[in-house]
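Colleague: The structure's right below; bear with me while I get my questions together.
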Amino acid sequence: MRIILLGAPGAGKGTQAQFIMKKYGIVQISTGDMLRAAVKAGTKLGQQVQGIMAAGKLVTDDLVIALVKERIRQEDCKEGFLLDGFPRTIPQADAMAEADIKIDYVLELVVPDEFIVERISGRRVHMPSGRIYHLKFNPPKITDKDDMTGESLTLRKDDQETTVRERLLEYHQQTMALVDYYRQRAKRGDTKYFKLDGTRTVNEVSQQLSSILGES
């Protein structure tokens with residue numbers, strides 16, 4: 001089972017990726033982790049990546065595709081994999097198709113922007129302990145104070161509304177065309193595309209996934 005999981009930051013991809021991995025026994029392939037692992041392993045491709053990154057340049061699509069091909073040949077990918085963070089663009093998706101990397105399912109978690117903004121910008125964190133609160137869904141007993149220590153809570157920069165909206169804009173600019181690309185491929189029978197309602201509870205989304213992917 002080879003899966004691409006699409007969704008905006010804050011749509012719940014991480015939670016559902018863990019569910020898929022556990023239920024179906026497949027591994028998650030993150031391009032960031034893959035690049036770091038290749039450099040650490042010192043493979044020929046890894047040495048190329050290290051040189052490019054050391055020069056402050058972006059790793060080319062061709063090189064990332066070569067790394068993906070190398071990664072999916074490994075034993076732990078025998079039952080399948082879940083691609084995280086790749087492809088992001090149509091040229092990357094085309095390069096995957098040209099490299100004969102077949103994808104069984106493209107799953108898109110859809111959540112309205114305002115829902116995501118509320119979900120993320122409402123977070124407050126007690127930095128020393130890592131405890132996370134939410135102004136609406138899990139508020140502290142005293143506003144902006146940690147329940148255990150009474151210390152101040154922090155709104156992280158990544159959780160600020162302006163930052164969230166910038167990330168959402170970038171996501172939509174990159175991904176709208178990619179979603180249409182995979183819808184067209186699904187119509188041709190090259191893959192299967194499904195859109196899921198990410199505003200539902202975690203369990204409800206997981207149930208949607210189970211009905212699509214089948215029981216393990």
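Placed from the backbone N, Cα and C atoms, the Cβ positions cover glycine too.
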Colleague: Among 30-59, 90-119, indicate the range for which Swiss-Prot gives the feature region 'NMP'.
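Modeller: Based on what Swiss-Prot states, region 'NMP' spans 30-59.
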Colleague: Taking only the residues in the region 'LID' (122-159), give me the average pLDDT of this model.
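Modeller: Mean per-residue confidence for the region 'LID' (122-159): 96 out of 100.
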Colleague: With H, G and I counted as helix, E and B as strand and the rest as coil, say where DSSP puts Thr31 (AMP binding site).
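Modeller: The residue in question, Thr31 (AMP binding site), is helix (DSSP, three-state).
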Colleague: Between Phe86 (AMP binding site) and Gly14 (ATP binding site), find the distance joining the two CA atoms and give it rounded to the nearest Å.
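Modeller: Approximately 14 Å lies between the Cα of Phe86 (AMP binding site) and that of Gly14 (ATP binding site).
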